[in-house]
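Trainee: Pulled these features from TrEMBL for this protein:
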ACT_SITE  His13  active site, tele-phosphohistidine intermediate
ACT_SITE  Glu89  active site, proton donor/acceptor
BINDING   Arg12, His13, Gly14, Glu15, Ser16, Thr17, Asp18, Asn19, Arg62  substrate binding site
Amino acid sequence: MSRIRATFTFIRHGESTDNLRAVWAGWADATLTNHGMNQAQAVGASLSATQFAAIYSSPLKRTYMTAQAIQSQQQTGSPSVVTSPLFREQYFGVAEGKPSTRKKDPDISLAEQFERGIYPGSLSRSERFPEGESLDEVQERASKGWAEILLPYVQEKARQDNNQVHVAVISHGLFIKEAIRALAKYDRTADLSACDYQWLRNTAWARVVVEMKAFPKEEEPVFSPSNLLLERVQLTHFNQCEHLATVTRQKGGTGREAYDKRQKDIRGFFGAKSGGGKSKGL
């Protein structure tokens, strides 16, 4: 029986308008800022020679726009961006869009803090905001993404004589860390500790290499979140953001504005009409 060695590059979205506010933003559908689009273009350029067999994305605007920027710069082939709600960020329930605070108030209960509209960031893995998800539940959802989408895809590619497939997943900071953590139990020698002490910057990426058996179609097992059938897991990169070294925020507040392609096209048009040459990119 042949073996599969699959590579998964997880990329966090560019800066969103909500990233500039101290609010809880999970499923809230904020767009990229102009600076965020420049970040997305930069990571796309840096990965342009990396041939992705598939590009998956969270359906939220900030991730899908980032995925499109990456997909449009692929040098060899151009796989369509496929979205799935399984790749969304942690859902913060009633706290979505509400101000975030760093720590719990030790003098009052967590339930009372919620009643007062206080939403602290120091929850345990099993705790959640009302109507939201806990980190444990995000990890379970990430495991479903592996079981229902990512691993069946690489098995199918293996049956097409491609045993070393490379897949991109454009998602969110918390989700990416939980997707990687979900693999820990399959390889006790894997060092995934970077997930514990590092945050992913906007458009930073992480890379995981997994090994597993390749199954014929008639023998392929049903993957489940509790049994992904992986044999080796290696976290090779985490929080890679060298591409951001040349990305600077536009002056005058422009970089903080929501990205609007139509506005950029209008500025480019009038810049050309006035004889000023190329307009400055947003």
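Cβ from N, Cα, C; glycine included.
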Trainee: Beyond the listed site residues Arg12, His13, Gly14, Glu15, Ser16, Thr17, Asp18, Asn19, Arg62, identify every same-chain residue whose Cβ lies within 8 Å of the center of their Cβ atoms for the substrate site.
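Mentor: Those within range, site residues removed, are Ala30, Leu32, Thr33, Gly36, Asn202.
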Trainee: Give the helix, strand or coil assignment DSSP yields for Glu89 (active site, proton donor/acceptor).
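Mentor: Its secondary structure by DSSP: coil.
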Trainee: Roughly how many Å separate the Cα of Ser16 (substrate binding site) from that of Glu89 (active site, proton donor/acceptor), to the nearest whole number?
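Mentor: Rounded to a whole number, the Cα-Cα distance is 13 Å.
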Trainee: Within 10 Å of each Cβ, count the other Cβ atoms and name the one among the recorded positions Asp18, Glu89 with the highest count.
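Mentor: Per the Cβ count within 10 Å, the most buried is Glu89.
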Trainee: Of the residues named as substrate binders, Arg12, His13, Gly14, Glu15, Ser16, Thr17, Asp18, Asn19, Arg62, how far apart in Å are the Cα atoms of the most distant pair?
Mentor: 15
Trainee: Please state whether DSSP places Asp18 (substrate binding site) in a helix, a strand or coil.
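Mentor: The residue in question, Asp18 (substrate binding site), is helix (DSSP, three-state).
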Trainee: May I ask for the distance between Arg62 (substrate binding site) and His13 (active site, tele-phosphohistidine intermediate), taken between their Cα atoms and rounded to an integer number of Å?
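Mentor: Roughly 6 Å, rounded to the nearest whole number.
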Trainee: In Å, rounded, how far does the Cα of the residue listed as 'active site, tele-phosphohistidine intermediate' sit from the Cα of Glu89 (active site, proton donor/acceptor)?
Mentor: 11
Trainee: Across all the protein chains here, work out how many other Cβ atoms are within 10 Å of the Cβ of Gly14 (substrate binding site).
Mentor: 30
Trainee: Quick one: pull the CA-CA distance for Arg12 (substrate binding site) versus Glu89 (active site, proton donor/acceptor), whole Å only.
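Mentor: Just about 10 Å between their Cα atoms.
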